[in-house]
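Q: Pulled from Swiss-Prot, these are the listed features:
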- 1-22: signal peptide (SIGNAL)
- 23-45: region 'Disordered' (REGION)
- 23-34: compositional bias 'Basic and acidic residues' (COMPBIAS)
- Cys52-Cys67: disulfide bond (DISULFID)
- Cys59-Cys71: disulfide bond (DISULFID)
- Cys66-Cys80: disulfide bond (DISULFID)
Amino acid sequence: MKLTCVLIVALLFLTACQLTTADDSRDKQEDPLVRSHRKMQKSEDPKMAERCSNFGSDCIPATHDCCSGECFGFEDMGLCT
């Protein structure tokens, strides 16, 4: 009887921990491709660092090559904002 009560309490405790953890991590996960791209742009290692275009420079929206990460334009050509 005591063992059953201990198991039930442990199960309830673990369930509560899972629910609390799930609520805290909501909307914090970033798309892995965007996260790795930002890591490469901010890297101090010259081999890993990627050159990015400054504000007002030409860019290609599909490549996300602006330092700000935002390229305003059409498929082939745009400007970094």
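Note that Cβ sites are derived from N, Cα and C of the backbone, with glycine treated the same way.
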Q: Under an 8 Å Cβ to Cβ limit, what residues of the same chain, 6 or more beyond the ends of the signal peptide (1-22), are close to it?
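A: For the signal peptide (1-22), there are no sequence-distant neighbours (Cβ-Cβ under 8 Å, at least 6 residues beyond its ends): none.
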Q: Express the distance between the Cα positions of Cys71 (disulfide bond) and Cys80 (disulfide bond) as a whole number of Å.
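A: The Cα atom of Cys71 (disulfide bond) is 5 Å away from the Cα atom of Cys80 (disulfide bond).
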Q: Could you tell me which three-state DSSP class Cys66 (disulfide bond) falls into?
A: strand
Q: Given the disulfide-bonded residues Cys59, Cys66, Cys80, which one's Cα is the least distant from that of Cys52 (disulfide bond)?
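A: So, spelling it out, the nearest of the disulfide-bonded residues is Cys66.
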Q: For Cys59 (disulfide bond), which DSSP three-state class applies?
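A: The residue in question, Cys59 (disulfide bond), is strand (DSSP, three-state).
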Q: Applying a 10 Å Cβ distance cut-off over all chains shown, what neighbour count does Cys67 (disulfide bond) have?
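A: Neighbour count, Cβ to Cβ under the 10 Å cut-off: 16.
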Q: So which of the disulfide-bonded residues is most packed in, judged by how many other Cβ atoms lie within 10 Å of its Cβ, out of Cys52, Cys71?
A: Cys71
